[in-house]
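Since the structure comes first, as structure tokens, the remarks are kept for the end.
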């Protein structure tokens, strides 16, 4: 809203007007007539400054004296009354219109400081704001005392209420007067003056007379309370360091002085120019004297001020500062002040709105923490402030604004790292600009003079269009997602935000993403970048991320938003640990969003890396399983919770803060991890409780009782309790910076004041009594204080202190003691913390020797702390052996290892503590590794590191250029060749070490350089081996021999074993054409002699394997081959391979149908086993084939082996001719098939031998697959009977053993 309120006068100006209105003139010595020459007053109602004792004749008043008469008597204590207290220089009735501000010590009148008397320079007093008047007490040097040679009289006038009632006096006033006169060297007389006042006169030297008056008033004076207004900037000076000044004032003047608490004045937002009230409590004389002393300090300290200008819109700041702060600098030079105008922030959560046509724009005032600040002389600050206020008024009429909608992703090109700076934009256009924080807001606002706004808007558009801005719809990658592609895209976006992946992408590619949500899902991402290449790279990585998070990886769960905090704090860690599922719980502002469950697997949350590849189907199945279980677990936990209810209470606002603390305390004490806590929220005076019904009822009842008790306590706030407390322990009671006393105030809800060995408690009686008991117990505990001086070597002091004082703080807290460590034994950071703790003791520190540690506190705590310290020091001595090993900076990385693995392994192996400094601490390239521990630990670690150092120092690096065509051969399959080279040279066979030892250029590069690094001897051997290898390869020849395609397999062998054997035997490389290519040329590469040997050997192999052909009837081919098993037997038993000379094998005969026996259905597996044991399906089919002719079987191998194979084939043919039938047996219960197989196949092999048949038991018995029996008709029938007998035997044995558990 617009800031149209008129500028209010500052607090200092208001106070000045009060002073001008209240003051007449400042009393000087010349103004006070000598009482020896004063004539009697004309009226008893207008006494002179020095009235005669009662009964004396009144005389006419002098002109000056008449001016001192009060116009009207006040009932209260008038702190400004010159009539009552002429000695302190109160104002005369006649106003002085030329009075300057009392706080301005630099302003002068007639060559003298304004506001100070020529006699003593003290500032004038201001009228108290409280309405309770206090007389101005006699000043030590003030002009009010009547002084003539040889005689000094101090005079004091009192109102009747300044004196205690007779009932409260211990003795009559005349007796008290006589007693005071007897004890002092002054003579005090008391008379009744006119208009009911009392006049006290003290005759004697000034110091003696004043002391006598003070002693008298302490006995007869009543308590008066005065409010003294002072600038807030003088507050600290009134208190003094550690309260020393205020304590001195109270002791000197005998009055109690209280300043308002910092929190009562809204500390952190207060203005030094603001006025605060100091409360002075004492008798009439002491209160006046304390008030004048306070005003004197305030006057001396109030010259300079530090003030804030509130109500100025932040949009005006650039125009107030001017280009490059020229306007501010001129103001500072002209007025001698310091001005800080906060820099204008381009981003805003509440940009100004476009005004209606013909209306001026409305600008809201800047927040209080973002105000213009001025510091310096008060008058100069006021002048500078006035100039700024005039500038603000001009801007209100001059500034206009305009707006344009630009894609949010383009905003980053206007202002910021990718655009112009705010200063550059302002200097170029004369305008300032505001960009919205909200991603849903595209409006750009330009503010400036009316003639400049359009140019500023055009410049903003030009800047915005310099970058690339693309829309990227991630929902298109999973269009078939359950619940909709947009909803899944929203889930993916929420998860990537949660894992900070979007921020990582922005930083890695220098791009900016804008992601917006709707109720249906997520809108296309906006991607903005200055470099199109970066945008493409970012898009590619986004696609990988989205592809790796299909709908199966995540799901959602909708629960009452009340449970969100409970689920996030209590359930989420367990779900992540037990189910490997990460929860993304909506923020309080996202109450409409469900909880997102994302499967991450069993890895640690800290080490988990977001995947970038699509999951496999087994992984997807695993994800779904764990997501369902996690979802069910959460839902079960929520369903088990008690019904959620809400209840509201009307509670006065004054109790809200205390109620918050009470609720927090109750929740902390009775916290149950298995149920959510009640939540309390406030709106005005209404406090609403929401949570489990029983907990809400319980907490509401407690809160009602608490508030009722607070209301009762409020009635007893005036109760005061005072008792003595040892002064030497006062600082301990108060604590560092008042921490202990604040804790006690919070704990017991009473005000606590500690002064001069006394403690005053003010508050409800019961709470005050409890606080008193606690403080007295603390005093008794401190009386039991003991001090131990321990001799400890300074080298152990840093360990005793701990990181940032953690160790010593723990000891002090645990044992409730103070521990002092010499300053010169500690670093500055640690020393400061300890010195501050030590200062709380309130005792002067003795000069400690460098090896002394002092422990002070209650005897038991001090004894325990001493024992723990000595034990700890002994442990340090036993484990404080040290060693230093210097290594090169380049070696540190290998010593640390990947993620510190090598260093951690070294620590575990040796048990030593090993500290390696950072790079910035080792500028010269040498790193000193510190080793600490026992003697054995240090020796072991040092030995290992020195061994590694020796190896590293012996490490060299050589590079050699090798044509890239040799690289694949050098590396070998799976790195086998290079690994062999490294191992033969004496290097490690670990693949990571091999990779570090020999580094080949990347495939994407064009270089030929190979880098070899390692111990000198190993590197030289590797280089020599590579050079020899290359030289050898350079002299290689290539021979090609023709090998028929059907012979290729004999050269390759099973799994390539024959080929590898030939290559190793003859040191050549053999290239055999791929199967199906039809090529017959086999290349042999190597040294000429080796190639010739390999060629001759291969040709001899081919000659040996010309083969012998056996004709097998085509009708029996499948019966003999037995699905290839017979061929494998020939190869394994006789090393003979079989092919068919390129002829096609006959088609496998179709399997005949397997109808049920007798056409009936088999019994169910639930039927009685004994009754169904004989029930089965059996069908026999005669083996017939339409194939005619023979099929060649070409046998290749040695002549001897071929002959053996031929005999095996002949035997198989005879057997196949007799196998003219195939039986198919189906058993009713698939579980019985195991009885046919037997243990390890023993039973089925036995049946095969007895029947002479081939028997095949299906692997999947659950699909009614039949047992296949091939043999003669008689053989298959016998085999069937043997099988059924085996099943019966198995069932019988099973019943005998009983049912399985």
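Glycine residues also receive a Cβ, built from the backbone N, Cα and C atoms like all the rest.
According to TrEMBL, the feature region 'Disordered' maps to 31-75 (among others).
Residues or ranges marked as compositional bias 'Low complexity' in TrEMBL: 39-54.
Taken from TrEMBL, the feature region 'Disordered' applies to 108-146 (among others).
According to TrEMBL, the domain 'K Homology' annotation covers 222-299 (among others).
The domain 'K Homology' annotation in TrEMBL covers 303-393 (among others).
Helix, strand and coil residue tallies for the region 'Disordered' (345-364), in that order: 0 helix, 2 strand, 18 coil [DSSP]. Sequence annotations record features per position, and here TrEMBL assigns region 'Disordered' to 345-364 (among others).
The domain 'K Homology' annotation in TrEMBL covers 398-465 (among others). According to DSSP, the domain 'K Homology' (398-465) comprises 27 helix, 21 strand, 20 coil.
As a summary of secondary structure, the domain 'K Homology' (717-780) carries 37 helix, 15 strand, 12 coil according to DSSP. What TrEMBL lists as domain 'K Homology' is 717-780 (among others).
According to TrEMBL, the domain 'K Homology' annotation covers 784-874 (among others).
For 839-860 (among others), the entry in TrEMBL reads region 'Disordered'.
Per TrEMBL, domain 'K Homology' is recorded for 879-950 (among others).
The feature domain 'K Homology' is assigned by TrEMBL to 954-1031 (among others). Within the model, the domain 'K Homology' (954-1031) shows a mean pLDDT value of 86, rounded to a whole number.
The domain 'K Homology' feature in TrEMBL is assigned to 1035-1103 (among others).
According to TrEMBL, the feature domain 'K Homology' maps to 1104-1214 (among others).
As annotated by TrEMBL, coiled coil applies to 1195-1222. Beyond the coiled coil (1195-1222), the same-chain residues lying 6 or more positions past its ends with a Cβ under 8 Å from any Cβ of the stretch are 1050, 1104-1110, 1112-1113, 1116, 1119-1120, 1126, 1129-1130, 1133-1139, 1152, 1180-1183, 1253-1254, 1268-1273, 1275-1276.
Per TrEMBL, the feature domain 'K Homology' maps to 1219-1288 (among others).
Sequence-distant contacts of the region 'Disordered' (345-364) (same chain, six or more residues past either end, CB-CB distance under 8 Å): 1-3, 313-316, 396-397, 399-403, 415-416, 422, 433-438, 441, 443, 445, 447. With respect to Cβ pairs under 8 Å, the domain 'K Homology' (717-780) is most closely packed against 222-299, considering the stretches 222-299, 303-393, 1035-1103. According to DSSP, the domain 'K Homology' (1035-1103) comprises 37 helix, 15 strand, 17 coil. Counting residues of the domain 'K Homology' (222-299) by DSSP class, helix then strand then coil, yields 41 helix, 19 strand, 18 coil.
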